[in-house]
Amino acid sequence: MLGTSPQGGKSKLPMQGIPQPSREEVLKLPRVHISTHPVMAHKMTLLRNKNTPPPQFYQLVKEIGALLAYESTETLSLESSTIETPLQSTTGYRLAGGIGVTPILRAGLGLAEGFRQVIPDVQVWHLGLRRDEETLQAMEYYNRLPHQVDLQVVYAVDPMLATGGSAIDAINILKRRGIPRLSYLGIIAAPYGLMRLAQAHPDIDIYVAELDEALNDNGYIIPGLGDAGDRQFGTF
Ligand SMILES: O=P(O)(O)OC[C@H]1O[C@H](OP(=O)(O)OP(=O)(O)O)[C@H](O)[C@@H]1O
Ligand SMILES: O=c1cc[nH]c(=O)[nH]1
Ligand SMILES: [Mg+2]
């Protein structure tokens, strides 16, 4: 079992000396889904490149969000109904119940936008969490989650799963709203954060585009892509 805090020892750097699991260990986790699609690998390479400017970076986050939406909704429930084509009656299907997407601000905004391109009638519930870069603890600063909910599933979306603190907190907050089914959708995961999220919330599915090597001593994912919020919104 991993520790619950990224802080430890007497080091000034928050991840220094903290043991991290290997990629192989987290690949054995039962509800972790990592994309194997070649189009995803192509877009991920453009996204990671430090020379990709913010407008193209944001566009890529949206496109990757759409691909992840398609992959992660594969197991959703359907309702059937009879419809008329111009020629005859036939059985049609629609997604059962509502679907919610919670972008973890800021960086989750582009992913949520991509998700909406696949399922335009999702409800979008905004949640602001900011990671303190000294302690790596997430702090909630904005919450627009409705009290009345009747949804089949809610996806918490955030590009970067680093220590896992933000994702664990987001799922805790959503669980308090009584959502029957929750999933996490991200672009890049570090083994450390993925293991912590799966251990804290073994009842959710976790979908990511790629699994990286590790966190550096500052808690940044390597090789990673840098700061996903800054790269989307140009705030370097
Ligand atoms: O797994 P963790 O260690 O919690 O780190 C991941 C979090 O850090 C980033 O957000 P950040 O705090 O930089 O906010 P931003 O989206 O406003 O840039 C990222 O988008 C995640 O929310
Ligand atoms: O590598 C990282 C870690 C946290 N947040 C980011 O945006 N990037
Ligand atoms: Mg950021």
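Keep in mind that glycine also has a Cβ here, set from the backbone N, Cα and C atoms.
Matching ARG31, ARG94, ARG106 to the 5-phospho-alpha-D-ribose 1-diphosphate binding residues that TrEMBL gives (ARG131, ASP158, PRO159, MET160, LEU161, ALA162, THR163, GLY164, GLY165, SER166, ASP227) identifies ARG106. There are 27 other CB atoms within 10 A of the CB of MET160 (5-phospho-alpha-D-ribose 1-diphosphate binding site), with all protein chains counted. Checking the binding-site residues ASP158, MET160, GLY164, ASP227 for a CB within less than 6 Å of any atom of ligand 3 leaves ASP227, listed in sequence order. Taking the mean position of the Cβ atoms of ILE221, GLY226, ASP227, ALA228 as the uracil site, the remaining same-chain residues with a Cβ inside 8 Å of that point are PRO159, MET160, ILE188, TYR220, GLY224, LEU225, GLY229, ASP230, ARG231.
Proximity of the binding-site residues (ALA162, ILE221, GLY226) to ligand 1: a Cβ under 6 Å from the molecule is found for ALA162. Largest CA to CA distance in the 5-phospho-alpha-D-ribose 1-diphosphate binding set (ARG106, ARG131, ASP158, PRO159, MET160, LEU161, ALA162, THR163, GLY164, GLY165, SER166, ASP227): 17 Å, whole number. Burial estimate for the binding-site residues (GLY164, GLY226): highest at GLY164, by number of other CB atoms within 10 Å.
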